[in-house]
Each structure stands twice: as C-alpha cells, then as structure tokens.
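Notes follow the structure.
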Amino acid sequence: MAGTMDRLEDCNSPETSGTAGDALPSPRVYARRWVFLLVVSLLSCSNAMLWLSFAPVADTIAQHFFLSMDQVNWLSLIYFVLSIPFGMAAIWVLDSVGLRGATILGAWLNFSGSVLRAVPCLPVRIPSPFAFFMSGQSLCALAQTLVVSSPAKLAALWFPEHQRATANMISTMSNPLGLLIANVLSPALVKKADDIPMMLGIYIGPAALACLLATVCLWESVPPTPPSTGAANSTSESFLRGLKLLIQNKAYVILAVCFGGGIGVFSSFSALLEQILCASGYSNEFSGLCGALFIVFGILGALLLGLYVDRTKHFTEATKIGLCLTSMTSVAFALVSQLQGQTLALAAICSLFGLFGFSVAPVVMELAVECSFPVGEGASAGLIFVLGQAEGMLIMLLLTALTVRRTGPSFSTCQQGEDPLDWTVSLLLLAGLCTLFTCVLVIFFNTPYRRLEAETGGSSSPRMCARDPRTVSPTQVPPLETPGLTPPDEALKEAPGPASVSKGHSEWAETMPRDV
C-alpha cells in the first residue's frame, strides 16, 4: 500500500504535475448516475418487450385481425430492417445531441409506438389494423437504434473506471431480459382473442414509466465533474472524423466484423430455435424453455464476467476465451439438436450457449471503446450493432435457404401443416460461421487499452510519469517517450523536499473519486 501511495505521490508531485492552473478537476462520482442507469435499463427492457410481444401469440393475432403469418412476422423483422439505415443516424444523435437528449427521444418514440399499437383494439372500427401495428413497431424500432448504443456511453461518462464494465453489463443485459419477459408474458396473458387488448395495454405501462422517468429525472448528459480522465476526453472526435478513424483502426474492424457476426449467429439462433427443435420432435414448450435458459444463463454469465473484468481489466482474454467456448457449444448444438429424446442434453447446451456467448456482449462493448479511444462511445458501440443486424439478416436468410424437406421418417411436431424441414446443413453452417469468426478474432485481434492508458499512464499536465509495470495489462503497450520531457536521471537530481512530498500527498488525495 505504501508503495502504491509513493507512486501516486510521484505522479502528482510539483515536478510532474505542472501548475495548478493546468490540472484537471479531481475525479468525482455522483449518486444520480444510478438513476440514469435505471432509466436506460428500463427503456431497453421495455423496447425488447415490445419487439417480441407479437411473436409468441402470432397465430392468435393473425386469426383475430385477419392477417397472414408473414404480416405478423414482419412486425418483428421491421426492427432488423430499420436498424441498418437508421443505426448510423442514431450514432450521430448520440454523439452530437448528447446522452440525455438521445435517451429522452428514444423514450418518447418507444412510448408513442406502444400506444399506436393499441389503436386497433379501440371500440371503433379500424379499417387497417396492420398499418397501426406496423407504424407502432417502426417507432419502437427507431427507438431501439438509440437504446442499444447508449450503455457504453453511459458507463464511460458517468461511472468511474472500476464500475464501467458492471454498469455496461446491467444496461446491456436489460435487453435480453425484456425478450425473456415477452416470451413468458404474452402466452400467459393471451389465452383467447379477447385478451389481446389487455396484453397490448400492459406493454404500454413500462414504456410510459421509462418515458416519464427520462423526461423528469434526467437533467444533464454529462456530470459536472468527470468520474475519470477517459470521461474528460470522451467524444473528442467529430462524427465523420470518428467514423473515419474507426474504419482505419484494424483492431476495431476485426472486432466489429467478428462480433457483429456473433450477434448475427445469436439472432438467428433465437429466431429459428422453435423451428429447428420442432423438426426433431420437441414441443413448443420445450423450445420456449431452451430459449429462456439461453437468456437467463446469459444474464448470469454477464453479471459474473462484468464483475471479474471490472477488477482485472482482462477484456481481450475474457472475450477470446468466451468465444472459443461458445464455438464448441455451437458445434454440440448442431449435432445434438438433430437427435430425438435429448431433452437434458439440449437444455444444458442452450444454457452453456448463453453462459459463454451472451455474457461476452458487455465486455466486447467496453473493449470496442478501449481500442477506439478517443472516438465517441456511441460510434464505437453503435457501429458494431449496425453490423450485427446486417450480418444477422444475411445469416438468417442463408440458413433458411439451405433447408430442405425431410425425406426420411418424421418425428416433427411443427404445426405449419407442411412437410418438416431438414436443418442439418444449416446448423453445420451456423457452427462453422461461429467458429470462423472466433478463430479470426483470436488469431488477429490485439490492441492496447487506449482509454486505460490515458487514465493510468498519463496525467493532467503535459508531463507523464512512469507507470508501475504491475498496473499495466498484458495487452497494453508502453507509451512512447515524448521529446522534451525531463530524463529520469535528471529528474532524480531534483528530488522534492519534505514540503513538496506533503503537497504531493495532498494532491493525490484530491484525485480520488468522491461520491456526491
């Protein structure tokens, strides 16, 4: 402890800290950061609930409103379609308008969409229910583009360095929690067609609460005093300049393409799970259980991994190990899912698939910020989301195109009234793509943690003190020596006296984050 204090005193002594006028304000954290985190998490959860609220009761919706199954499916697919062109606009809004403005805009879009979806259930004749459903879902889809890019920026601007990964994990995992709630709540509420208005009304509640809290409780986009050096330098690049830097950053491109592909794999797995399992004779209830286990264990894994990464800063190691385990699990699923009577094995595989793969998502978002700093967090996280949605659509179309009608004995429980499909080739392709993305990332991805270097390796003055090697991550590279700095040997000749040491200790105390 004494050695650590000595190093901190050296970094803040008069010889290395510069003049008082050059120093940045001491880091400070604010209790209202948890309110901001609550609002963003509730908004993300509500948006995900609205996304999949129709899917679990698609047949009842189609029958009651005289819609085709394709029309009902488009109420979910519209999220993918709109996220690609409007995702880039959302990045600009987040980095230009600010986190508070983007959150309030997303909350109002989400609330308006939830209300518009309920219009066909009013006691008046509505000529085109599908138009209202699609318009409401489209507004919610626009809100999603703002919601999914916010966690990394919120964690960077409001939370100190030792809480960033945890804050990112909480807000990011609120989205799959909403998916889980929708998959459970919609079938529980809708037993018959007359229950549909109640279901749509209940889904308005969380959206209205998130909108109210965002409008009333969020006062500012950034805290008066930043919680870390990285937060002080956040979004230091313009929107177009930031995108150019991201495209030119080899490490970021590898991470974005590979993990974007991972998002596509998980999206395809979630959307096609019921169709895959029913072709092998498993019930819809069992498919729903596997989907729930996939999400629950993913949230649990994200919680544990977020706490671990917050303490160790092993972003790259955690990501690579998690994706390697995910690839092995995807191969196991491709093989076992084609067998009959393997309920326990499939439940375990789906649980591990979520535990290893889903839990990596918040860590990757933090890693994207680390390798692209000082580009804005909205741009670095948002571009990965846009790529993930685009790759997800391509993978899903490819998987469905490769299915063929099963020619052998059928154990299918599918209720579409058609011959069951053979998913063998599609699942092997899914496992192959997951393995390919993992191998490329493991072999070619390596990056310094630029934001951590700015916080632990630099100071608020033009000078830079030497860092303890024990505080440097294995993936970090030492900073280059800056011309004009006093050489270490010469600095030793100007050792501070007792008064200077006391002053340095006082300045160190002022740099510690304080909770207000």
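Every residue gets a Cβ built from N, Cα and C, even glycine.
The compositional bias 'Basic and acidic residues' feature in TrEMBL is assigned to 1-10 (among others).
Among the features that TrEMBL reports, compositional bias 'Basic and acidic residues' is placed at 504-516 (among others).
Feature annotation from TrEMBL assigns domain 'Major facilitator superfamily (MFS) profile' to 33-450.
Under the heading region 'Disordered', TrEMBL lists 1-22 (among others).
Annotation comment: TrEMBL describes 454-516 (among others) as region 'Disordered'.
Residues 61, 72, 75-76, 79, 99, 103, 106-107, 110, 113-114, 117, 133, 137, 140-141, 143-144, 147-148, 150-151, 154, 158, 167, 170-172, 174-179, 181-183, 185-186, 199-200, 203, 206-207, 209-210, 213-214, 217-218 of the same chain lie 6 or more positions beyond the ends of the transmembrane segment (34-54) yet place their CB under 8 Å from a CB of it. Feature annotation from TrEMBL assigns transmembrane segment to 34-54 (among others).
The transmembrane segment annotation in TrEMBL covers 74-94 (among others).
Outside the transmembrane segment (196-219), and at least 6 residues removed from its termini, the chain residues within Cβ reach (under 8 Å) are 32, 35-36, 38-39, 42-43, 45-47, 49-50, 53, 57, 60-61, 64, 100, 103-104, 106-108, 110-111, 113-115, 117-118, 121, 185-186, 189-190. Taken from TrEMBL, the feature transmembrane segment applies to 196-219 (among others).
Summarising the annotation, TrEMBL assigns transmembrane segment to 251-273 (among others).
If you look up TrEMBL, you'll see 285-309 (among others) marked as transmembrane segment.
Within the same chain, residues 262, 265, 276-277, 280, 305, 345-346, 349-350, 352-353, 356-357, 359-360, 363, 423-424, 427-428, 430-431, 434-435, 437-438, 441-442 sit at least 6 positions outside the transmembrane segment (321-339) and bring their C-beta atoms closer than 8 Å to a C-beta of that stretch. TrEMBL lists 321-339 (among others) with the feature transmembrane segment.
Here TrEMBL flags 345-369 (among others) as transmembrane segment.
Residues or ranges marked as transmembrane segment in TrEMBL: 381-403 (among others).
If you look up TrEMBL, you'll see 423-445 (among others) marked as transmembrane segment.
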**Request:** May I ask for the residues of the chain that lie six or more residues beyond the transmembrane segment (285-309) and have a Cβ under 8 Å from a Cβ within it?
**Result:** 56, 165-166, 168-170, 172-173, 176-177, 179-180, 183-184, 187, 269-270, 273-274, 277-278, 315, 318, 322, 343, 346-347, 350-363, 366
**Prompt:** Based on Cβ pairs under 8 Å, which of the stretches 74-94, 251-273, 345-369, 423-445 lies most in contact with the transmembrane segment (381-403)?
**Reply:** 251-273
**Request:** For the domain 'Major facilitator superfamily (MFS) profile' (33-450), provide the mean pLDDT of the predicted model.
**Result:** 86
